[in-house]
Ligand code: BES
Ligand code: ZN
């Protein structure tokens, strides 16, 4: 029951966070859009945890450190050599050893530089409005250190406050102090010209990866306030997109957040805003505190992609509330979030929607397990990272889907949702505000069920093959799971008809555009995924399918990228080369739209598929357009298509 895994510190930080810990950090920044730097200071309030501490070590990545102060007096500092993944450690020796319980004030003045991985600086042409530049950050998993000197580990949770001066409106993952969000944009000053100082405060402690900033020509639209709630919701986007964004998300956001509160515990961050970013944003969504970042590809015009918002708001409890200690236990964030996201879908829609989401997830899981056949370590739920290993190399659906399926399996063996959800609530109440690992989670699980059920439940827990679930690899889940298949049946049936038509002449096929009439975008996605589970269809069939269903030209990115996966499933055909060309144009926006498909869920598999059909096209296209992609996406695509060593 209690585990004897020895304690391992976070393998991705060089900071001495176990000896001395940041409680609060105050940022004072100025954004320079011309030189593309953020310049200013970070003032840490820290507490000494070890008996005696001689120096404070922070993580930094490509920061230019100008000076340091300890308790108001200037101090020396040493910047270590750059580690390719962890960056450079910043050592600040203390003038005299600090004893346990002492508070320290450490101020570092610094600037970012153009290689900072967390930040993407966009030209005005890369935005919707094409009039002003744009800046945004992505700090998870370990890039906060390229934005500021920090103890960049989720084991440390800190509060923060900031003052940021900029010629464009500034958003941060915190509560706006001034000027008010619903006041005139940019405090009534001239956007793009006048400097305004934005003040933010994050009074709830968060891991460093949730620190976030965006600056650009953005507008705000508040959602109607909810009765009896001490939180507000609103939507931020460029003016050209604000109405579409409001339409897409206003219906569901507060409703799902309120439903989450009923299942778990009240939302405690005060503000839940959404920001729709430019298309190079590398994720579908990122649960930055108080301000979820979203890809603009969710603006499908039919509210079918709001699941991503449901996922991100669920992180309010799993990840932002209860946090994993380090990358090895990332599944505690994503597995729990994915599991509860689907409970919410079941609660607000139907049980069939929950099953549907598990089915879609299962395809992603098996694809990723296959991708990692040569790296079986990353097929595991708990990954034993070496010091300095890159957690982004292990980013996949495994922690999401294996994690969510483990919880679904536990729900089933322990007696169903009615008894399992009270357990989940107890888990959150117990660990809210803390960072925990898999051992702590499992010890609490056993403790809860021994108090709330006894022998039977403990036997049920002992029936779980823990070794296989937590530390096993392979291409399958340890248990064959059953899901509600109601919503996938039609999509599966249509895919089967295509599979059975493979020997027929294209001219004699009786498929019609209306086959998809009753499908929403998720069902279309399932249809295209199901096709990939069969042997590749003949090229003529695929071309026909792309045309009659319009999926080869659709503006719905979720559908279009899956079409390319189907069409490039057999990369050796002569037709595949032509499709690879088209896919290459589409993914970088060289198709007349100018819209890059920067979300990694889309661009990485598409680049991989192009690469398997025509390496030259993949590499040349990437080289020409790489600056359109976020630095994180750039690094990973380079690895995927063999332009960088893994
Ligand atoms: N926190 C993740 C995004 C993330 C994870 C960024 C690890 C960097 C490192 C976010 O909550 C997420 O899971 N996004 C998904 C959304 C989906 C599962 C609904 C995405 O972007 O695809
Ligand atoms: Zn997530």
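Just so you know, the numbers here start at 1 and follow the chain as drawn.
The backbone N, Cα and C atoms fix where each Cβ goes, and this holds for glycine too.
Automatic prediction, not curation, is the source of TrEMBL annotations.
Listed in sequence order, the residues of the same chain lying 6 or more apart from residue 140 (peptide binding site) and placing their CB within less than 8 Å of its CB are 209, 210, 286. Classification of residue 140 (peptide binding site) by DSSP places it in coil, neither helical nor stranded. According to TrEMBL, the peptide binding site annotation covers 138, 139, 140, 282, 283, 284, 285, 286, 287, 599, 600, 601.
For residue 311 (Zn(2+) binding site), the Cβ neighbour count at a 10 Å cut-off comes to 24, with all displayed protein chains included. The Zn(2+) binding site feature in TrEMBL is assigned to 311, 315, 334.
Sequence-distant contacts of residue 312 (active site, proton acceptor), defined as residues of its own chain at least six apart whose C-beta falls under 8 angstroms from its C-beta, comprise 285, 286, 287, 292, 294. Look at TrEMBL and you will find 312 tagged as active site, proton acceptor.
Residues or ranges marked as active site, proton donor in TrEMBL: 400. Cβ neighbour count for residue 400 (active site, proton donor): 24 (other Cβ atoms within 10 Å of its Cβ, all protein chains included).
If you look up TrEMBL, you'll see 486-641 marked as domain 'Peptidase M1 leukotriene A4 hydrolase/aminopeptidase C-terminal'.
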For residue 283 (peptide binding site) and residue 311 (Zn(2+) binding site), determine the Cα separation and express it in whole Å. 12
Out of 140, 283, 285, 287, 600, which binding-site residues lie by ligand 1, with a C-beta less than 6 Å from some atom of it? 140, 283, 285, 287
Alpha-carbon spacing, residue 334 (Zn(2+) binding site) to residue 400 (active site, proton donor), which is rounded to whole Å: 5
How far apart, in Å, are the two Cα atoms that lie farthest from each other among 138, 139, 140, 282, 283, 284, 285, 286, 287, 599, 600, 601, the residues recorded as binding peptide? 18
Would you count the other CB atoms within 10 A of the CB of residue 287 (peptide binding site), including those on all shown protein chains? 25
Three-state secondary structure of residue 283 (peptide binding site) from DSSP? coil
Closest to residue 311 (Zn(2+) binding site): which of the recorded positions 138, 400, 600, going by Cα position? 400
